[in-house]
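S.K.: Dropping a structure here in structure tokens format, bear with me for questions.
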Amino acid sequence: MATRDCTVPFDAVVIGGSHGSFDLLLDVLPRWAAVEFPPLLMALHIPRGSTPDFVHHFSERCGCRMLEVEDKQRPAPNTVYLAPGGYHVLVERDRSLSLSSDGPVNHAQPSIDVLFESAAMVFGHGLLGVLLTGASADGARGLARIQALGGTTVVQSPESAVAATMPEAALACCRPDHVVAAGRLGRFIADLINRGID
């Protein structure tokens, strides 16, 4: 089993979001360009065929290396992996990524819950899970699973969300470790990854 880099408190980060999350991530991700970070896996509710455009825009504006997830891919540090529209992404026991074309979960494909739950099973306490703005409850169950297996959880505050349904569902499912307003999320997560925050 791989050992964790002692300078980084997490083995992996998962982020999920839907309506309103694209603009928020344009503020969050650039702050990561100056720090070392573990593999970052993102599931956003995006249409099939649109992933290359999202990867291009994020890469161009955020300064982070970003890739569309490919089946059997092994995620590397300092890289952002975006789930392709129309597919679920799962983390396998050997920490590789797999794509599933199974039907929508919570009316979403990719489903945040599918990514979060599979990552929680593999990374346990070494996982940081972040749930952003969105107009569905997808991700709430997965975030609760991350917390139950010892991971660290962050939720965008509902009052700062473009669509509060997703963070409100998370707060109803569990008691996240941190609830953070949109304007503070970028710096907060970068600090959390770089140094750890109690």
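Each residue, glycine too, has its Cβ placed from N, Cα and C.
Bear in mind that TrEMBL entries carry predicted annotations, made automatically and left uncurated.
As the structure is a computational prediction, the values presented were derived from the model and not from experiment.
The active site annotation in TrEMBL covers SER18, HIS45, ASP138. Taken from TrEMBL, the feature domain 'CheB-type methylesterase' applies to 9-196.
Please situate the listed features within the shown structure.
M.R.: Annotation note: SER18 (active site) sits in a coil segment as assigned by DSSP.
In the three-state DSSP scheme, HIS45 (active site) is classed as coil. The C-beta environment of HIS45 (active site), restricted to residues of the same chain at least 6 apart in sequence and closer than 8 Å, consists of GLY17, SER18, HIS19, ALA108, PRO110, ILE112, GLY134, SER136, ASP138.
In the three-state DSSP scheme, ASP138 (active site) is classed as coil.
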S.K.: Out of SER18, ASP138, which has the highest number of nearby Cβ atoms, where nearby means within 10 Å of its Cβ, if these are the active-site residues?
M.R.: ASP138
